[in-house]
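Below you'll find the structure, written out as structure tokens, and then a few comments.
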Amino acid sequence: MSTIAAVWAREILDSRGNPTVEVEVTLESGASGRAAVPSGASTGSREALEMRDQDASRYAGKGVTKAVENVQGELADTVIGMDALQQVAIDNLMIDTDGTENKSRLGANAILGVSLAVCRAASNFLGLPLYQYIGGINSKVLPVPMMNIINGGAHAPNNLDIQEFMIIPLGARTFADALRMGAETFHTLKKILAADGHMTAVGDEGGFAPNLKSHDEAFKYIIKAIEESGYRPGSEISLAIDAAASEFYKNGKYVLTGENLSLSSTEMVDYLGGFVERYPLISIEDGLAESDWPGWKTLTLNLGERIQLVGDDIFVTNPDILAEGIDQGVANSILIKLNQIGTVTETLDTIEMAKQAAYTTVVSHRSGETEDSFIADLSVAVNAGQIKTGSLCRSDRLAKYNQLLRIEEELEDMAIYYGPVMAGQWYEEEPEGDEE
């Protein structure tokens, strides 16, 4: 029987050493599912609310024992006896039980933990791979990895305001090839940085965190690493950034401390456009602040036909907010983070809405991750085509990459790597590098 028989939760630690929630769901058949919930560093103000204990005597107030109690108490009472195959009904009932718009009463981390664990238990009950259980027999697209190899902003203690500099191996034939290309470039970059006297310590997501003179210098180092690894910048490996602009948006200005700049929305759009002109940059995430909707419209009008503009903090995986963005012509892509909305069902609804509006979708990790690889299966399940799950070190990031290798192997000839499709969407010609 696929009836839920037991629900258990515990407090575990994430990749930053902070507590998070892990949930186990057991069915009457004996099948079970386990899931751990991630946590972000730069978060959107409209995200579903994770519950923390606020007890300064434990984990600096970041404990999650209250969320664990909510799983084992009210949420367990809600879902025990329900059919694990009825994911939508289970998720909706948990939302109703919480009764708040942002899941703040029981905690989004508690609700999501149960939602993910139920999904895994159901797939195990049916003996199906998780990606196939969620997406069906047409789930066969392996995502292009957006690999974060230089960290800044809230993810690293350095002078870079832009949070993530990423490489995108468009020219690979398979996901396995893409992973190899990324790893080779990552290790080459490490050697180049070290040779120039930079520290090669890594940030929260496994990218290097050097102090550099400017954002342009970061781009130049990455392009040099791509070339010295034997690849062509642009056609084989393109670039992407996550500006996380909400983090440096103050009093209506974009304050780039590392470059001593204070920019208006229009100036920030021009600043980002300069990168597009100088480098093979095909994707910008959160180029403007979540509250700067007029600026986002300008950004989309100026660059939306040329590159991918990904909304993270502005949309927070929320279908209602995404609908506003679609209506107003804001962005052309959405980042998908399970814990921003708090259930599997709502996440899938958001992805479907994005696809109907011809927005691209990027399934994403958080900076505080665990060894849980759910998002790897999710990216294939929905044929997202892109995944953001960090750099080429730290096992919390590699757990997702390694799961995608297994999925590609399992799909055999049916597997389709999304790189050529993405290249056709956004890559036209190789811009000339900045020679200064």
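The backbone N, Cα and C atoms fix where each Cβ goes, glycine too.
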Among GLN163, GLN403, GLN425, which residue shares the (2R)-2-phosphoglycerate site with LYS337, ARG366, SER367, LYS388 according to Swiss-Prot?
GLN163
Name the residue, out of ASP216, ASP312, ASP313, ASP320, that Swiss-Prot lists for the same Mg(2+) site as ASP242, GLU285, please.
ASP312
Neighbouring recorded positions, C-alpha within 10 angstroms of ARG366 ((2R)-2-phosphoglycerate binding site) - of GLU205, ASP242, GLU285, ASP312:
GLU205
C-beta crowding around ASP242 (Mg(2+) binding site), within 10 angstroms:
29
Does DSSP put SER367 ((2R)-2-phosphoglycerate binding site) in a helix, in a strand, or in coil?
coil
Could you state the whole-number distance in Å separating the C-alpha atoms of GLU205 (active site, proton donor) and SER367 ((2R)-2-phosphoglycerate binding site)?
6
Of GLU205, GLU285, ASP312, which of the recorded positions has the most Cβ neighbours inside 10 Å?
GLU205
If you draw a 10 Å sphere on the Cβ of ARG366 ((2R)-2-phosphoglycerate binding site), how many other Cβ atoms land inside?
27
